[in-house]
Structures are given as C-alpha cells and as structure tokens.
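Since the structure comes first, as structure tokens, the remarks are kept for the end.
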Amino acid sequence: MKQAGFPLGILLLFWVSYVTDFSLVLLIKGGALSGTDTYQSLVNKTFGFPGYLLLSVLQFLYPFIVDPENLLIGRHFIIVLSTIAFTLPLSLYRDIAKLGKISLISTVLTTLILGIVMTKVVSLGPHIPKTEDAWIFAKPNAIQAVGVMSFAFICHHNCFLVYGSLEEPTVTKWSHIIHVSTLISVFISILFATCGYLTFTGFTQGDLFENYCRNDDLVTFGRFCYGITVILTYPIECFVTREVIANVFFGGNLSSVLHVIITTVIIIVATLVSLLVDCLGIVLELNGVLCAAPLIFIIPSACYLKLSDEPRTHSDKIMSCVMLPIGAVVMVVGFVMAITNPQDCTHGQEMFYCFSDNFSLTNISISQFQLTTQVSILNISIFQ
C-alpha cells in the first residue's frame, strides 16, 4: 500500500490474485497436455534442458527466504533452537500430505494475527499522525509492490506436489480448489494490507511487526503466532528444494540416508541465512521479482503457449500472451527499483510514536517528518 498507493494497491492485490489463480490452473493444464507430473518435468519437456535448469535454480532459491525477526536478545539462539526442535523434524517427512493438519494450524494462527492487526487500527491508529501522501491513488513504486504481492501469492513451485496429494486429482477438482483458496487468500491479504496501512500510512515498514511497540503484549503474542506459522510452513518449502536436488542430481529418487543428509543441509543453509538477515522488506522484494515473478507470470504462460493447440483467440492464450511480457517487466524493473529504492527497515528500533511523550503528535501535520530510512535516527535524536 505504501509503495503503490492505497487505491492502486487494492486493485493490484486483486489483479495479482487473479493472475495467480489463472497460472496455477494453467500449470496443471500444461502438465496434462505434456503428460508430466512435476513443474520441472513440464518445463524440461517444453523447453529442454536449459529451461529445466533455469526453473530448477528458481525453485531451489525460493525457499531460502526465511523469517528475519527483529534483533532481540537471544534471537540467534531461538532461531537455532526452533530449527532443531521443530523445522528439521517436520521437514524430514517424505509425504507432503502429512503436513495438511500442520498447515491448518498455521491457517488458524494467521486468522488470530489478522484479528490483532484489525484491533490495532482502532486502538493504535488514532495516536499516529497520517502522512500527507497517504491517500493518493498511485505512486511510482507500484512495480515494487507487485513484487511483494507476488511473493505473498507464490505457491507454483509446489503445486504439483499438492496436486499429486489429492485423492482424485483432476484439472476440474484442482481448479475448484484453486479458485476457493485464492479467493480466501486475497481476502486475508486485503484485510492485512488495509488494516496495517490505515494504522501507519507512510510509516509502514517492510515488516509490519516492526511498526508496533515492544511493550504491546497483544502484538507480542501476534509475533509469537507469526513465528509459529513460519516454523509450520517452511517444511513445505523444504520439500520443493529437496525435490529439485533429487531430480537434478539423483534421478528423482533419494535413499533414506540421502534424504536425511540433504534435508539437514538445506535446513542448515537456510538457518544461516536467517541468522545473517534482519530486514524482511528487501528480502520479500528481491525474492518476489527474481523468483516469484517468473514462476507466476512467465514460465506457466510460456509452457502453455508452446504446448496448447487452442486457437490464438482462445481466452487462455490471450491471457498468457498478456501475462508473459508483464512478468518480464515486473522482474527487470522491479529488481532495479528494489536495489535503488529498498523498503524502509528500522532493524528492530522503536518507532517515535512508541515513546509516551509523543502521543500528543496525533493532530500534527506529518510534513515536518522526513519519511526516509533514517526514521530510527529521528527516534533517538528528536523524540527520546
């Protein structure tokens, strides 16, 4: 919302969700046309080894985006402990269907977090001054916003795994599941984005939890729930990375020993990345434009256009022809903008409105504040 403009941001969320819905169905249609049952085999049959290699790199890199929590005391210890105790054991499953109940728990926790964010619009929002450009229709960083939204909706890299776990997998059944899932996802995303932006407007951080004050017990509980959702969700991503390695180097089959070794290595590397990174915004942007954009916009469209015998005027082909160049623009332009103009990150420092002396600022015009990445400096030099 901060990057795109609030009204345009809402429209873009609907658009990205529609594209996600369409491309997920398109992937399974492509698999049916090519007689393949994995994303990698689909691209390999369509574009040969170069396409197969490119997709493998994208799928392998994507799951290495992990949750970089604020720099709190014991942060590194907590990450390592939770990884050993929960993430690694869950990632060692061979059947992705066994993670179904775990994913349900994650969904319930997400609903709790959403309730907390909605509550804070009323309790915290009035105490935070609104920025001058809070309600303009569009902003020049909209493409960056598309990258972040793409990250939020990307699940293409494991859709064949989920499709294969259905009791009776058919394109029709898959389409119904995707339509319902995407509708629920965009509803939750819009509520999150709207409530978060209404509360903080131009002060909104790349990681929304950085905007809330440390002494807020309800939000602290929300952070805890969010950490649990990451722990429960990451094993699904690990499945994809492990499958890529198995397909590229071991012909798709892993012995029990190799299964454990490769899973452990993946988790160790991902944990090391999480220990080194503490700013979520730039991570979401880069992953969104470099991995999510081609996996959502470009590759499904390219595969379907090459495999389908439908006439050029068919709706699926027209949509694919539109998605492909848009994805290329989002990928290239979004990458440049993410590097030159990354999202703000306070690195765990308190925002100015968290200090009790500053709640009198509610009715002051925000023009006196410079919305830059130096917000944390203002916190120390002006408001303490």
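Keep in mind that glycine also has a Cβ here, set from the backbone N, Cα and C atoms.
Quick look at what TrEMBL lists:
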| type | residues | note |
| --- | --- | --- |
| TRANSMEM | 6-28 | transmembrane segment |
| TRANSMEM | 49-66 | transmembrane segment |
| TRANSMEM | 72-90 | transmembrane segment |
| DOMAIN | 77-339 | domain 'Amino acid transporter transmembrane' |
| TRANSMEM | 102-122 | transmembrane segment |
| TRANSMEM | 142-166 | transmembrane segment |
| TRANSMEM | 178-200 | transmembrane segment |
| TRANSMEM | 220-240 | transmembrane segment |
| TRANSMEM | 252-276 | transmembrane segment |
| TRANSMEM | 282-305 | transmembrane segment |
| TRANSMEM | 317-339 | transmembrane segment |
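Highest Cβ pair count under 8 Å relative to the transmembrane segment (220-240), across stretches 6-28, 102-122, 178-200, 282-305, 317-339: 102-122. If one looks beyond the transmembrane segment (142-166) by at least 6 residues along the same chain, the residues whose Cβ comes under 8 Å of a Cβ in the stretch are 1, 3-5, 8-9, 12-13, 16-17, 20, 23-24, 27-28, 31, 37-39, 42, 58-59, 62-63, 65, 95-97, 100, 173-174, 177, 182, 185, 189, 236-237, 239-240, 243, 281, 284-289, 291-293, 295-297, 299-300, 329-330, 333-334, 337-338, 341, 343. Within its own chain, the transmembrane segment (6-28) is flanked in space by residues 39, 42, 134-139, 142, 145-146, 149-150, 152-156, 159-160, 163, 171, 174-175, 178-179, 182-183, 185-186, 189-190, 193-194, 197, 296-297, 300-301, 303-304, 316, 319-320, 323, which lie at least six positions past its ends and keep a Cβ under 8 Å from the stretch.
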